[in-house]
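Taken from TrEMBL as is:
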- Cys91: active site, proton donor (ACT_SITE)
- Pro6, Met7, Met8, Gln61, Lys131, His164, Asn204, Gly205, Gly206, Gly227, Arg228: FMN binding site (BINDING)
- 4-313: domain 'DUS-like FMN-binding' (DOMAIN)
Amino acid sequence: MLSVAPMMDWTDNHYRTLARLISKHAWLYTEMVVAETIVHQRNNLDRFLAFSPEQHPIVLQLGGSNLENLAKAAEFANAYSFDELNLNCGCPSGKVAGHGCFGARLMFDPKFVADAMSAIAANCSVPVSVKCRIGVDDHDSYNELCDFVYAIVSNSPTRHFIVHARKALLSGLSPAENRKVPPLKYEYYFALLRDFPEVQFTINGGITGIDQVNAARRQGAHGVMVGRAAYNNPWSTLRHVDSAVYGIPTSSLSRRQILEKYRMYGDSVLGKYGPGKPSIRQLVKPLLNLFHSEPGNGLWKRKADAALRRCKTIECFLEETLDAIPDSVLDSTLHRSPSDWEGSFADIDGMLPPPYKLSLQQSMSVSACLGISN
């Protein structure tokens with residue numbers, strides 16, 4: 001399974017519409033939606049939760065630390081038929097004004113996370129998952145990560161973890177720096193596969209293309225999540241997903257055809273929720289990286305900046321900008337095939353930490369929870 005990571009201000013409805021035109025089968029995640037937003041906007045939920053049927057499979061990521069509000073948010077979201085609900089336990093921001101703790105800070109309290117996952121699961125009809133880091137601050141040993149996973153698996157219905165293979169540093173680093181500065185420890189992820197064989201784990205962090213995706217899968221990864229590469233270079237990152245990951249022929253749509261389909265979508269939703277909601281700029285934003293590193297890309301972006309000052313529709317925007325891109329680029333459906341690159345995972349087996357040791361009581365608890373007979 002390949003998924004596109006939840007990214008604030010990026011993986012909105014507009015980006016997901018574009019991504020789905022490129023890949024029919026990649027799992028898409030919403031931006032994180034704070035539980036309190038859903039609860040307090042219950043009469044305006046379409047603006048935050050509605051999506052087109054074409055976006056399936058799609059996961060809603062929730063943020064928050066109030067059990068009652070997380071439960072209510074899951075109940076309200078259930079009506080929208082997401083394919084999974086996910087709790088953010090990986091964002092390195094400490095607090096959001098008015099919303100309390102959320103994100104990576106929750107890893108300090110695995111019992112609360114288990115209670116939260118139970119509350120979410122009890123109020124929806126789809127699987128639930130946790131997105132987390134491999135540790136937080138000085139709580140970054142492999143055993144501590146296993147304790148976190150164990151506590152949630154043994155006390156909630158959660159059977160899927162998306163693991164960003166870096167720890168989070170809550171002081172001294174910005175969220176952006178937390179995506180780059182702490183070193184990647186992929187060996188922790190692959191050790192989890194060994195030590196929790198009944199649980200599904202998706203690897204996240206530092207994976208930027210289909211070659212790395214395939215290398216992780218060959219090493220045994222259950223799922224792979226790609227983040228900013230899927231936004232900064234959507235065509236190259238997502239183009240081969242359907243064939244390389246799912247064994248299904250890649251779409252034959254060219255970028256010209258994708259833009260025409262996106263135009264129909266964009267012009268149909270302009271101002272749907274009031275003046276400027278969404279705006280032409282919000283709708284154009286996901287398109288600006290579609291020609292990453294291609295001939296004409298620089299001119300296209302300069303023309304885009306000028307067109308956004310004048311145009312009121314996507315049709316107008318495209319008419320004023322697309323002549324910057326050569327026809328050979330616009331109409332091509334070809335891209336290089338994935339390679340057998342091994343990269344960061346080739347020697348991972350020799351780097352794994354020692355196996356996690358459960359006490360007899362823990363082992364019996366996990367077996368009972370997972371329905372495994374001795």
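Yeah, the Cβs are placed from backbone N, Cα and C, and that goes for glycine too.
Neighbour counts were taken as the number of other C-beta atoms within 10 angstroms of each residue's C-beta; across the recorded positions Met8, Cys91, the minimum falls on Met8. A simple Cβ count within 10 Å picks out one of the binding-site residues Lys131, Arg228 as the most packed, and that one is Lys131.
Largest CA to CA distance in the FMN binding set (Pro6, Met7, Met8, Gln61, Lys131, His164, Asn204, Gly205, Gly206, Gly227, Arg228): 20 Å, whole number.
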